[in-house]
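Peer 1: Pasting in a structure now, in structure tokens, and then I'll have a few things to ask.
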Amino acid sequence: MKVADRTVVATSRIAQSSCDALSGLGWHEDGRETPESVVGASAFLTGPPARYQQLNLAPRTPLLVRPAASPSGAPLPVPAPPRRHLLSPPAKLLVGPATMGVPELINNLNRAVATSPVGYYFRLDGSGHPLSRPGSRFLTELRAGLVTFAAMAYILSVNASILSSSGGPCECANTADDPVCAKDAAYQQCTAVLNRDYVFATAISACVGTLLMALFANMPLGLAPGLGVNAYFAFTIVGTAGTGIIPYSQALSAVWLEGWIFFILSLFGIRQWLARLLPHSIKLSTGAGIGIFLAFIGLGPNGLGVIGGNASDLIGLAGCPAQYEDSNGFCQSHKLQAPTVWLGVMLGGIFTALMLLYRVKGAFLIGILLVSIVSWPRNTSVTLFPHTPSGDDAFNYFKQVANWNGLGLLGPKNIDWSGYSNGKVWYALISFLYIDLLDTTGTLYAMASHAGLMDARTGDFEGSSAAYLSDAVAISIGSLVGCSPNTAFVESASGIAEGGRTGLTGLVVAFMFFLSLFFAPIFASFPSWATGSTLVIVGSMMASNTAQVNWSYVGDAIPAFVTIVGIPLFFNIAYGLIAGICCYIALNAIPWALVKLSKGRIVPDGWDTMKEPWGARMVSANDDSTGIWAVLPPWMRKVMSGNYKFWQMTEDEIEFYLEGRRETQRLAQERQDQIENERNAMYGADDVEARASTSSAEHADEKHSTGSPAFSPVEVPARLPNDAEVHHVTGTAR
């Protein structure tokens with residue numbers, strides 16, 4: 001090979017390597033740059049577009065240098081690179097899938113969706129929306145939705161089992177000898193059909209409710225008929241086989257009316273205002289209490305089965321094989337020896353936790369699917385379908401795979417619209433109202449806090465009005481298909497822990513519930529021990545809220561603790577909140593009265609210095625006004641101000657939300673600094689500083705190893721690179 005030929009090849013290879021390096025920073029063949037290219041290259045690539053073109057930043061094209069001449073002596077032609085301004089709209093990416101690795105494909109897909117109208121609507125990170133949600137990426141949202149659905153899928157079979165216990169539209173004679181028609185073959189056959197119908201109805205109710213929450217509130221939540229309130233509906237209001245206080249048809253009319261009452265309360269901002277009355281310590285402890293509640297469910301019979309009832313204790317160890325249970329379902333012996341318990345603990349729990357430890361994407365979903373797949377074969381000790389009559393029936397249903405059941409016995413035809421003349425219907429209505437008000441409020445605030453959407457100044461979260469309205473409509477729609485009230489599911493925390501931040505997560509959940517209308521046999525066959533460990537792990541994550549509770553002042557600490565333990569032990573979010581609120585009133589209203597009556601002479605220790613201010617600060621979303629103007633919802637304030645496009649956010653509203661985010665981050669940082677100071681005082685500054693530096697290094701490794709695109713805007717310096725810098729970048733001489 002001639003010297004000139006070797007020169008051409010060598011310089012071309014050097015130029016190619018330089019281009020590839022710059023390509024890694026995000027520069028493309030059409031001259032456009034990605035946000036991460038600004039981050040990586042802004043140190044030396046500055047100035048007007050013409051200056052960029054002198055560097056010919058185009059990957060896979062060796063044009064950074066020009067050889068003096070070809071072997072024949074003629075100058076080599078250099079194609080003119082496309083001229084594109086730094087801030088010009090992105091052009092079509094010319095790098096094909098064959099030349100990209102998986103991380104590049106993932107980043108490009110995330111970026112493409114983020115910059116699309118879909119990404120802008122859902123406020124994905126990098127969408128350009130002024131209120132985009134940091135860290136939200138398309139594929140992460142999809143994965144989070146699958147995790148949330150997998151954690152919620154049990155509701156298809158559990159809700160059907162609970163609501164069908166009421167008998168629904170099935171007629172029961174309720175004789176003295178057989179009050180619940182246990183020996184009535186026709187009734188039992190009717191309830192068996194009703195159970196399948198309720199699987200279909202539950203899927204419809206969950207699909208519509210979750211879809212509304214995703215599209216209008218942009219929240220990463222799943223909605224479905226709530227546990228607890230469905231048991232109250234089935235066993236108290238309607239009663240087993242219709243032995244309750246009102247008939248099934250009238251109970252549905254109460255649920256339907258409840259939804260529209262909630263809609264009116266939410267439309268005029270009353271529901272949001274009532275939520276702001278909750279003290280700050282109660283709001284924080286609600287999230288932790290729900291976390292323990294999740295863990296309690298995950299460990300109980302509807303999860304791993306590790307704990308259960310006991311003849312002498314309220315709660316005892318369980319997990320024994322079925323043959324060692326008594327008539328009440330209590331374990332007489334062989335506790336913790338059921339194979340399904342250890343399958344769920346080891347594969348669904350320990351293995352999932354290890355994947356989380358190593359930051360494996362989709363750890364929750366992988367764990368749930370692995371346990372489910374292992375549990376589906378019949379001839380194993382961990383099968384979901386044992387060779388029993390109920391197991392045979394479940395397996396025959398599972399084998400159908402695809403099945404369109406329809407509503408069958410259910411539907412609007414069952415609602416008694418004339419039942420409001422019955423006073424007991426109003427009793428049921430009021431009961432549903434206050435249970436759902438506290439239950440949904442507590443869940444929404446806990447999930448919004450877990451997703452980082454809370455505003456510390458107002459005690460509210462982004463999209464709260466739309467979220468409450470969506471929840472209200474979902475309640476009424478659920479009643480039309482025969483279901484008890486819908487509510488936001490605490491299992492949504494599983495998807496939030498997986499990275500879900502926007503309504504795209506909810507959209508995936510809604511789509512999966514839609515698929516379950518056709519594939520209900522599959523989706524209704526996730527075993528409880530597959531999701532039990534996931535609930536325990538997510539519960540541990542939510543318990544971190546306890547670190548922010550004001551434990552220094554008794555008047556805040558005790559109500560918070562009562563709320564935390566009350567929610568799981570009462571097995572009801574609403575009852576736990578009621579206990580905490582009553583405790584807060586007693587420990588704060590009485591001292592307040594004594595302070596007033598004694599004219600400031602009888603004051604509890606820390607009343608003015610340690611006690612948190614009451615969270616009922618009514619702050620306007622526009623101008624920090626107070627009084628009746630602040631009680632009005634934003635849309636009504638706009639209309640009264642002459643702005644009739646009340647659905648559009650104003651610049652003042654956007655700035656208010658952004659300021660809320662900044663203030664919330666500032667308060668969180670102050671709290672973190674306070675915790676660090678307490679650790680310094682307890683362990684010594686050197687030990688804490690060493691651990692903090694190790695944690696920071698790990699965090700830096702995570703940032704650089706995930707391959708996730710950086711969407712944060714970066715200020716580009718005005719200085720141009722000099723020739724020496726160009727030489728350093730290209731690796732060649734002029």
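Glycine too: its Cβ is placed from the backbone N, Cα and C atoms.
Under the heading region 'Disordered', TrEMBL lists 676-734. Annotation source TrEMBL lists transmembrane segment at 198-217, 229-248, 254-274, 286-307, 340-358, 363-379, 425-447, 504-523, 553-571, 577-595.
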Peer 1: Same chain, outside the transmembrane segment (504-523) by at least 6, Cβ under 8 Å from its Cβ: which residues?
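Peer 2: For the transmembrane segment (504-523), the sequence-distant neighbours (Cβ-Cβ under 8 Å, at least 6 residues beyond its ends) are 122, 124, 136, 138, 141-142, 144-146, 148-149, 152-153, 156, 199-200, 203-204, 206-208, 210-211, 213-215, 219-222, 224, 397-405, 495-496.
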Peer 1: Short question: which residues 6 or more past the ends of the transmembrane segment (363-379) have a Cβ under 8 Å from it?
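Peer 2: Long-range Cβ neighbours of the transmembrane segment (363-379): 143, 146-147, 150-151, 340, 343-344, 347-349, 351-352, 355-356, 385-387, 391, 395, 398, 494, 497-498, 525-527, 529-531, 533-534, 537-538.
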Peer 1: Other than its close neighbours in sequence, what residues sit by the transmembrane segment (286-307), given a CB gap under 8 Å and a spacing of at least six beyond its ends?
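Peer 2: Answer is 154, 158, 227, 278, 315-319, 329, 336, 338, 340-341, 344-345, 348-349, 442-443, 445-446, 449-450, 490-491, 493, 528-529, 531-536, 538-546, 549, 563-568, 571, 573, 576-577, 580.
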Peer 1: State the residues, same chain only, that lie 6 or more residues beyond the ends of the transmembrane segment (254-274) and have a CB under 8 A from a CB inside it; answer 'none' if no residue qualifies.
Peer 2: 233, 237, 246, 415, 419-420, 425-426, 428-429, 432-433, 436-437, 441, 460, 464-465, 468-469, 471-480, 483-485, 618, 631-633, 636
Peer 1: Could you give the residue numbers and ranges of same-chain residues that sit at least 6 residues beyond the transmembrane segment (425-447) on either side and whose C-beta is under 8 angstroms from one of its C-beta atoms?
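Peer 2: For the transmembrane segment (425-447), the sequence-distant neighbours (Cβ-Cβ under 8 Å, at least 6 residues beyond its ends) are 219-221, 226, 228-229, 232-233, 237, 245-246, 250-251, 253-255, 257-258, 261-262, 271, 274-275, 278, 283, 286-287, 290, 419, 454, 461, 464, 467-468, 471, 475, 485, 487-490, 492-493, 496, 542, 545, 567, 572-574, 577-578.
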